[in-house]
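Taken straight from TrEMBL:
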- Arg39, Arg45: NADP(+) binding site (BINDING)
- Arg130, Ser131, Ser132, Asn251, Ala252, Gly296, Lys311, Pro312, Ile313, Pro314, Thr315, Arg337: FMN binding site (BINDING)
Amino acid sequence: MNYLTAGESHGPQLTGIIEGLPAGLLLDIDAINDQLAARQGGYGRGSRQKIEHDQVTIVGGIRHKKTLGSPIALVVNNRDHAHWGKIMDPVADETAENSLRTVERPRPGHADLVGGMKYNHRDLRNVLERSSARETAMRVAIGAICEQFLQQLGIDIVGYVQQIGPVAADDQSPLNVGQIKALISQNDLRVVQADKVDEIHTLIDKTKKDGDTLGGIVRVVATNVPAGLGSYISWDTKLDSKIAAAVMGVNAMKGVEIGDGFKAATSFGSQVMDEIDWHEGEGFTRESDHLGGFEGGMTNGMPVIVKAAMKPIPTLYKPLQSVDVETKEVKKASVERSDTTAIVPASIVIESVVAIELAKAITDTFDGSNMARLQAQLKAYREELKNY
Ligand code: EPS
């Protein structure tokens, strides 16, 4: 299975193509739209989300709600394109009138400057339009389809916010996806610790007033993942490395951890390794999950736990120093409309990309041509593991 996305932030639409999902997968289109709506929400978002109302349109690969086995083609329209029609027109000649809103003062921390240098764009809008996190809407639509695929194989997944800026909001760390979903649905920060919500709202409000931005940490938990996805055989077959790459591929991510991650490096081996047990009818289990469900690059049957650190948004309303790419004068960086923090949507994006990698691993391991056959194969494999 693989996928590709296309589209600019203020262009006509985002487009996605998924190749390699089995035929016969029944899809709930409302559930895809619910994920898109969730990604648009969260405290700390800017005014762009008042314009957008992300909805998926399916233009290939699905008939009567079931996948055909052919490439699935998805579209999410950019409603804001209505305000950018001339400036982002894909086919009109370039004129003075349709080249307004150029960007010449790159924002520190954004792709603006290096993207301009690499592709030799003089108008840095040509960079920011694609490097914008708007593109993650399509990854969430694709991830939502993969999540339904996983659900129909008994695998549940959730992403939530553990920390926003300096404030941690995860004293409980439940490993049960249902419990996490119930807790995070109670607030607009997707945190499990309700008593931290007021403090974080105040922090975001003050940060916005100061013209500044915030990052944070998100955590993804996936349960009932069968042991043995990925392989220890070669570096590029390790599933934890593929998940880490997918997570780092999300805009603004600066760190990835599997299980205890960096904390494991400061602990003793006896505190980190998950002791092995065996139960009749269940087979081999672990007593704990410090290793985040991975040993030797393979899933071990315990919950998969992935954490991601997001840097603060680089667009600052109180801008930092930059240099005009044309005049070379020191100036304040350009200010584009933006969010104060996008950590809440990031938790859904990271959930989505982990779901995509798990779906890929499953279609790589089993016969991925037909859903019922794949389900039967996975069931037989789970039985085989129990009896090992
Ligand atoms: C973004 C800047 C803002 C965000 C955008 C990411 O867009 P705009 O410049 O249109 O206000 O709203 O995120 C989205 C549009 C989205 O759907 O997540 C950026 O520069 O990365």
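Backbone N, Cα and C define each Cβ position, glycine as well.
Around Ala252 (FMN binding site), taking its Cβ as the centre, 20 other Cβ atoms fall within 10 Å, counting all chains.
Taking Cβ-Cβ distances under 8 Å and a sequence gap of 6 or more within the same chain, the neighbours of Ile313 (FMN binding site) are Thr213, Leu214, Gly215, Ala252, Ser338, Asp339, Thr340, Thr341, Ala342. When the record's FMN-binding residues Arg130, Ser131, Ser132, Asn251, Ala252, Gly296, Lys311, Pro312, Ile313, Pro314, Thr315, Arg337 are compared pairwise by CA position, the greatest distance found is 44 Å. DSSP assigns Arg39 (NADP(+) binding site) to a helical segment in the three-state reduction. Listed in sequence order, the binding-site residues among Arg39, Arg130, Ser132, Lys311, Ile313 whose CB lies under 6 angstroms from an atom of ligand 1 come out as Ser132. If you take the Cα of Ser132 (FMN binding site) and the Cα of Arg45 (NADP(+) binding site), they are about 14 angstrom apart, rounded to a whole number. Taking the C-alpha positions, the distance from Lys311 (FMN binding site) to Arg45 (NADP(+) binding site) comes to 15 Å. Ranked by Cβ neighbours within 10 A across all protein chains shown, the binding-site residues Arg39, Arg45, Arg130, Lys311 are led by Arg39.
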